[in-house]
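Participant: Sending over a structure as structure tokens; questions will come in a sec.
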Amino acid sequence: MVFLSGNASDSSNCTQPPAPVNIPKAILLGVILGVLILFGVPGNILVILSVACHRHLHSVTHYYIVNLAVADLLLTSTVLPFSAIFEILGYWAFGRVFCNIWAAVDVLCCTASIMSLCIISIDRYIGVSYPLRYPTIVTQRRGLRALLCLWALSLVISIGPLFGWRQPAPQDETICQINEDPSYVLFSALGSFYVPLAIILVMYCRVYVVAKRESRGLTSGLKTDKSDSEQVTLRIHRKNAPLGGSGVASSKNKTHFSVRLLKFSREKKAAKTLGIVVGCFVLCWLPFFLVMPIGSFFPDFKPSETVFKIVFWLGYLNSCINPIIYPCSSQEFKKAFQNVLKIQCLRRKQSSKHALGYTLHPPSQAVEGQHKDMVRIPVGSRETFYKISKTDGVCEWKFFSSMPRGSARITVPKDQSACTTARVRSKSFLQVCCCVGPSTPNPGENHQVPTIKIHTISLSENGEEV
């Protein structure tokens, strides 16, 4: 939000000559604010590129995170530089018209950033509460509508002062005031902060309650399963095994339970990461939105200029630290950031044009730093994919659930050794995959997605060896 010089409310109607610049103070402020801006601009660009360059991050949740990064990028690139110049010089040097436009863009970006966190909290609540139904509830079309409404509301809140909803501006154009009209301050504080904050807190309280309940239920379900449920095992059998009626029902129940546990674990992890983001948001913005209404409605209790500057820049700090939070709390983003910085995502995009699918590397047959007998599963157009996070990166596998009958063909050797096993050790769990298919496709083979069945998925967060 836009800052008001401490003597602006007492300013005269004539233009005052600007005071001389304090050089040591200007250098110190320039270094501090410059570092802040240099963290914010590249950091938010890195978030956007990380999602754009990695297909496994192309989800509605990550689109919301990109929207948050876009709002923060606009703030750090178009608003903060002029705020820094204003602080260093001690007066506004860009004229009255640009002051009004700059103030409106400031409110627009800050409001959009805060409302993005609000939408993300709602998304996480749905993801944790309904992990299996989440893809049908949160679709890309609904996500796009939510983002359009977000920017429309932010625009409505920000343009009021441009149409006269403000106190009279001083004639001195070296002063750029914050809008202290009490009615607008109340409207903007409620719309930009307090209503979104209430929604965020309610959603994350619900997420906490649901996560505790689901964790308790899923843990008790694991204890009643087989004794080897302390590992995470995924077996994709080469063909559907014949089962009796009770065996089929038991297999379906176990598969449903295990898939729910896998999806719930992922949603819970994402909620933790975004919970840290929201916690930092409250710490950064709450002081400003406490000080601003108090100064507007109770001028006698208006804080000093130094206090206002601190809480003012503390709010701006929130838009600069979000890109730091992601890699520190999410292995997924950490690896994506590293790939972007190493320009690996561009190479992956070029190589993916010639690839038929994704590859699983069996470590039991791998030499140090090399992989042999790769198992390749061709990519289809109607698949549902899950992500496996490893300590050294992100591995993807695909579960094809909606392919029509007869559309997939694969040659299955009779030799049992053709079923290759791949192990992936993770920070929180171990995955063992038994996948169907030859190492290299046959020339005359139809490269469609093979019809596969998940026989057993059992989970644990201990990550013990099989």
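One is the number of the first residue shown, and numbering goes on along the chain from there.
Glycine too: its Cβ is placed from the backbone N, Cα and C atoms.
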Participant: Topology question: in Swiss-Prot, are K25 and R141 both on one face of the membrane?
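Facilitator: Each on a different face of the membrane, per the record.
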Participant: Given the candidates N7, N253, specify the residue that Swiss-Prot annotates with N-linked glycosylation site.
Facilitator: N7
Participant: Which stretch does Swiss-Prot mark as motif 'Nuclear localization signal', out of 14-29, 174-189, 334-349?
Facilitator: 334-349
Participant: Determine how many residues of the topological domain 'Cytoplasmic' (123-143) DSSP places in helix, in strand and in coil.
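Facilitator: Helix (H, G, I), strand (E, B), coil: 15 helix, 0 strand, 6 coil.
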Participant: Give the nonlocal contacts of the transmembrane segment (273-297) in its own chain as ranges (CB under 8 Å, at least six residues past its ends).
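Facilitator: Answer is 1, 114, 117, 120-121, 124, 178, 180-182, 185-186, 189, 192-194, 197, 200, 204, 207, 303, 307-308, 310-312, 314-315, 317-318, 321-322, 325-326, 329-330, 333.
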Participant: Which residue counts does DSSP give the topological domain 'Extracellular' (90-99) for helix, strand and coil?
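Facilitator: The topological domain 'Extracellular' (90-99) comes out at 4 helix, 0 strand, 6 coil.
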Participant: Counting Cβ pairs closer than 8 Å, which of 64-89, 100-122, 144-168, 305-329 has the most of them with the transmembrane segment (182-205)?
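Facilitator: Result: 100-122.
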